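For reference, the structure discussed in these notes is given below.
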Amino acid sequence: MARTTPIERYRNFGIMAHIDAGKTTTSERILFYTGVSHKIGEVHDGAAVMDWMEQEQERGITITSAATTAFWTGMDKSMPQHRFNIIDTPGHVDFTIEVERSLRVLDGAVFVLCAVGGVQPQSETVWRQANKYSVPRMAFVNKMDRTGANFDKVVEQLKARLGAYAVPMQVPIGAEDGFEGVVDLLKMKAIHWDTASQGTTFEYRDIPADLVDVATEARSFMVEAAAEASEALMDKYLNDGDLSEDEILSGLRERTLKVEIVPVFCGSAFKNKGVQAMLDGVVHLLPSPADRPPVQGIDENEKEDTRDATDTAPFSALAFKIMTDPFVGSLTFFRVYSGTLNSGDQVYNPVKSKKERVGRILQMHSNNREEIKEVRAGDIAAAVGLKDVTTGDTLCAQDKIITLERMVFPEPVISMAVEPKTKSDQEKMGMALGRLAQEDPSFRVKTDEESGQTIISGMGELHLDIIVDRMRREFNVEANVGKPQVAYRETIRKSDVKSDYKHAKQSGGKGQYGHVVIELSPMTEEDRKNDSVKDDFLFINDITGGIIPKEFIPSVEKGLRETITSGPIAGFPVVGVKVKLVFGSYHDVDSSEMAFKLAASMAFKQGFAKASPVLLEPIMKVEIVSPEDYLGDVMGDVSRRRGVLQGQDDSPSGKIINAMIPLGEMFGYATSLRSMSQGRATFSMEFDHYEEAPANIADAVTKKG
């Protein structure tokens, strides 16, 4: 089957924003104007097409990025048909992983901002993520009809807070209740959209007299930005004092693709004004897959390799989302970077070293789907029934293997225990959590060996709330959630501590006899290089002359290793200890493996108590990005949490504070940081090392244990 739309007319873009910028309403209008959605879905009554999971409709925030295909022939229907693959991304801080995941597979982005609220903290996080992947973007200042709307203020914030070179493409006509339309600076005409047709028809009018000067000034700024794209354009601009419409667009496009400028549009999605012109901007200014550099990866010999965005190149794609669909089972969303794939073809997954057959391929329109027979370079689609694919895996041709850059997912920052409410929920809970973890790599599940509890970890409290909520709704599993636990460890500080224990029982018949003398010491750096170190514990057999027969030595080691899984202080694992077996005795008849195992275990417990035992706590490496205004409060709070400041850096979003903070002090931190900084500070943390816990903490943990 031939390609219906040339790849140059594809636009794979995401709609990005913070909560309440009107992102979902904007996406809805895009679907309406591109002719996909016949009744406009309003987020206010919970019926938006893009927000298709139940909780999203209830909470009014977007959780899952749904991929949708739509077509556009321009606001005045005069363009050749362009194919849009639109990815709706969540704006809540607990879902930054979803944003990161969709940015990886996009070519461009539309950044939706609220004309009243402007650049919000979450906008800063999302902007930083877009910079990381060098995503060309344009901005849409939405909600121009709201009280307090101020277009110029938002453009200034784009420059000041995000360090963006913002270039307005329009000037609003009026604001708040008086918002009527926009001035198109390219054509120098006012655009008025027809309310009766919900904005599907429009007319050009003359610019209102009071806006002529403002528009003229804004236009020269725009033309100058375009002229800076190349020497040829700059020469023409300097000689003629102006550029043609095509020249302006080509200059602006070139600079947008290089992520040098951010063109800015405005409107009110709710009032059906402005989205249509912004879509024309997507066509004129955002890249097609062919405009982006060839995708990079490594071949089977670990050498760098690339794939061009053409149908004839070997097939390569990236799985960027896994979803469980109640009707078709597992859906794998993937972006095709090169080549062609037909339903029924086999693909190779180099990350798992497995072949998979692609059954049905679905083109998604929000949660409606259309079955298609093939996909080509630039397409975004969903495959049904791939078994071993996880988010971030590559799918490629078997004879031309390439592994595309894997997505790096942050470590979860919050954990808590979950237990099923009833016995019948037990098995279902395991299956449900497994499914959810496959869908979302930032969510982890493990069984705590010490407590036997199931521990779930994620990116924030809301993230885990929603996981528990989804278990209930989608898998009918009712669960109780507990308070998070910290994984402490135990060790000793004194060296060469001798411990002598004799396990002897004679009560008629065969008795039990095992006698060991051990020496306990903290492990040194030199000890750690020893190949016998396992689970941060070293056992050395120093017995000579058969004082203890060879066959009983493994039992001594086994007794020690079993004991260290639950330390004598509070039942946490013992780490960093070296034990030497130096002496002992045995009985010809009564000695057994069990007797030596018990003797070793008791000798260790007694010796551990004499060797200055201490409790270790996990220390997290924390990075906080905070605007200057809140720096004092944030740093004071770090000290209150027993944190040690490691240094500061500057960034466009404010100060970056690096600190080491005990994990036990970090619970509820996301919430308190948010309230301390009015939601403008963000943080990330990862485990760094274990350190001795202060006496008061150790006492509290021991009492609990």
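Using N, Cα and C of the backbone, Cβ positions are placed for all residues, glycine too.
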Segment assigned the feature region 'Disordered' in Swiss-Prot (from 290-309, 490-509): 290-309
Intrachain neighbours beyond the region 'Disordered' (290-309), with Cβ under 8 angstroms and 6 or more residues off its ends: 7-8, 107, 257, 316, 337-339, 350, 377-378, 394, 401-405
Secondary structure of LYS23 (GTP binding site) (DSSP, helix/strand/coil): helix
Sparsest-packed among the binding-site residues, when each Cβ's other Cβ atoms within 10 Å are tallied, from ALA17, ASP20, LYS23, MET144: ASP20
Residue distribution over DSSP helix, strand and coil in the region 'Disordered' (290-309): 2 helix, 8 strand, 10 coil
Structural state of MET144 (GTP binding site), classified by DSSP into three states: coil
